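S.K.: Copying in the features that TrEMBL gives for the protein in this structure:
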ACT_SITE  His269  active site, proton acceptor
DOMAIN    19-97  domain 'O-methyltransferase dimerisation'
DOMAIN    142-340  domain 'O-methyltransferase C-terminal'
Amino acid sequence: MDTWKLLAAIRGPVDTLFEHFENMSHTAACRTLLEMDVFDKLPLDGSSITATDLAGSLGVDKPLLIRLMRMATVKGPIAEVGPESYAHTPYSQMYIVPALRGLVKLMLDEYWPPMARMCEFLKEDGWKNPESETHNPYTFAHQTGGKSMWEHIDQYPDRAQTFNFAMQSQTQAAMPTVAIFPFEAELGKFETQDDTPLVVDVGGGKGHTTFRIKELCGPIKGRVILQDRSAVIDDISEPLLGVEKMKYDFFTPQPVKGALIYYIRRCLHDWSDEDCVRILKVVADAMEPGKSRLLIAEMCLPEEKADIEAVWYDMTMMTLNGRERTKGDWTKILDDAGFNLKKVYTATGSNYGVVEAYLK
């Protein structure tokens, strides 16, 4: 039995219903404490700090701080070690890790408002699945004025940086799944030179996955290329030895022709089926038949009994017209874009997979 089902059985139907309200209040308290810099001010040496000292160092109202800390200590992540006295725990220390802090801010500042107003949007829109990048729960809640989420966030450098940090945390969490596909074994079947385009990581963010792919290619000669939007590439500070960085919009013609692998990781779930077909047709135009292959690294949902990780991701993607997909969904999209699905590589205990496809 899943843990949440066991807890629900213990609490009973009414208390389980009230858990919605508990979680809403807890989320609000933690996000407020994060903005106050409370997590940064709690001692890291295992000692505690009083509400008086904490409020004084932060310049905030003590009664307000105490009320917020009640919620953050009842359900965690902070420990209450005495009357109006608090300490870090391993769980609260996660809020000071830059990438995870970015993920919390992204989820609560960007996606929570459209989640809260999703019912309102869908009702006004006639209960239709969101399919437009400029007309969806996100653009409705944030009142973007006809701009997509990407265009809207790019107007605010701090929010764009938060997004990049958040993507870094997700990349790190899923990094073990990069090795699902045997890069060295498959690329080793070809004769390559230093200028051979081995892998093009399309929409590869800040390059952490691209660098890992470079490592997984082993001694094979050739180029490993990271592509993403200008704002993302310009924000990369790490050297990424052996990886070429290239500014690129994946709706425009692909400049790297005939690569052995075109790799798209955790990008297509942001887009509707129609947009995915557009993106993949651009890739198809750059591929060399019989030689190039497409790898899509995404969740591959089961046809039934999906787990909580898969469905909360899917609900998040719904806010901006994207979705998580089943193998059947991927087969249909690939067929419409001119591909045949050959194989889905999976890892035990993970929703992540790698969809391998070739030109028809």
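Placement of Cβ uses the backbone N, Cα and C atoms for every residue, glycine included.
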S.K.: My understanding is the cutoff is Cβ-Cβ under 8 Å with a sequence separation of 6 or more in the same chain; which residues meet that for His269 (active site, proton acceptor)?
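M.R.: Set apart from His269 (active site, proton acceptor) by at least 6 residues yet with Cβ under 8 Å, we have Glu298, Met299, Tyr313, Met317, Gly322, Arg323, Glu324, Arg325.
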S.K.: Could you tell me the mean pLDDT the prediction assigns to the domain 'O-methyltransferase dimerisation' (19-97)?
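M.R.: Taking every residue of the domain 'O-methyltransferase dimerisation' (19-97) together, the mean pLDDT is 97.
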S.K.: Sort the residue listed as 'active site, proton acceptor' into helix, strand or coil using the DSSP assignment.
M.R.: helix
